Amino acid sequence: MPKNVTVIGAGLAGSEATWQLAKRGIHVDLYEMRPQKETPAHETGEFAELVCTNSMRSNQLSNAVGLLKEEMRHLDSLIMKAADKTQVPAGGALAVDRDSFSKYVTDTLRGLDNVTVHEEEITEIPEDGITIIATGPLTSDALAEQIQKFSGTDSLHFFDAAAPIVAADSIDMNIVYKKSRYDRGEAAYLNCPMNKEQYENFTRELIKAETAQLHGFEKNDVFEGCMPIEVMAARGAKTMLFGPLKPVGLEDPHTGETPYAVVQLRQDNAAASMYNIVGFQTHLKYGEQKRVFSMIPGLENARFVRYGKMHRNTYMASPDVLTASYEAKKRPGLFFAGQMTGVEGYVESAGSGLVAGVNAAREALGEEPIAFPKDTALGSMANYVTTTSAKHFPPMNASLHFYLLGK
């Protein structure tokens, strides 16, 4: 008779781990503190809520995260099932209707006979039994303190941010145009063209804009892949032109020319009634977001459905704590998964949950845990978070560099 497994946290990693356990016949007690206790970033009590972008990045197999997605599809990933079923147009990327995505994951797990959902906060690490802790970078203070004591190391952190979302019917379609970069795939993005003067005025006001106060925030304490747009602008007058405002491959059909800069909008829901401003993660005050982002051509009268915001993400010094199966070195049967382990990104978090779920299931069935091969996307990611120097351990997206190191 297989043992029961406790999963703490129903984010991307915890949801994926629960699915991998349940499909192997294991009974799971799944604990999620939302909606009874909220976090600074979540807005619902749904499982696998996407708190930042609605994009899961590239779908191309030549890209590390595209390869990771495909491995997960072959391993019957719930998160990939949900993403594929709820995707919205995004060119060569995989973007989803965030509400439909979370609902699919929630309904699937709540519908399983061998999953019992508990809407309550866990404040201590269970002393016995097989457990997966996947409470994410916004782990409650009480449990975060217990995890820090268990790991015996100081927790690490970085700051993450979300981009604003605007209502589609408030976008000036006489100015913006629909196109994907280099015309790859379908025309999936709305593009707001800027001339040099507009770009320079926008940059100047963006740098001057007032930011919200966030305890402990430092400009050098952000994840490079999710940098606030105002921090990027302050790095140099043309920095944004090589980032989210890059105009190459986005010729304006109205003029036949490539604009000086382009702000892209990506569909955020299946009804195409909302669009997020791509790459515009921010911690400007809400009034300043309205003032400055309304300078973008086509968004002069934009109605903001959600303003951007920033939050602190905490993670462990995993190389000192975990094995490549995401199991604690000093306590067999205790696993960790998700961004709290040092992986960064939606797909990476879910991937770590998949590996932890598979190994917790093996433990419950009396089998030995396994380390995925280092020359796979899943295995190379686990190898990174468990063998890198703990003193120099930044959070990391899937990377072909780590994949190739395993070959």
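Every residue, even glycine, has its Cβ placed from backbone N, Cα and C.
Swiss-Prot has this to say about the protein:
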BINDING   GLY9, ALA10, GLY11, LEU12, ALA13, GLY14  FAD binding site
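The FAD site, placed at the center of the C-beta atoms of GLY9, ALA10, GLY11, LEU12, ALA13, GLY14, has further neighbours from the same chain whose C-beta lies within 8 angstroms: VAL7, SER15, GLU16, ALA17, GLU32, PHE47, ALA48, ALA134, THR135, GLY136, ALA337, GLY338, SER349, GLY353. In sequence order, PHE47, ALA48, GLU49, ALA134, THR135, GLY136, GLY338, SER349 constitute the residues six or more apart from GLY11 (FAD binding site) in its chain with CB-CB distances below 8 Å. According to its DSSP assignment, ALA13 (FAD binding site) is helical. When Cβ neighbours within 10 Å are tallied across all protein chains shown, the highest count among the binding-site residues ALA10, LEU12, ALA13 belongs to ALA13.
Cβ neighbour count for GLY14 (FAD binding site) (all protein chains, 10 Å cutoff from its Cβ): 31. Within 10 Å of the Cβ of GLY9 (FAD binding site) there are 29 other Cβ atoms, across all protein chains.
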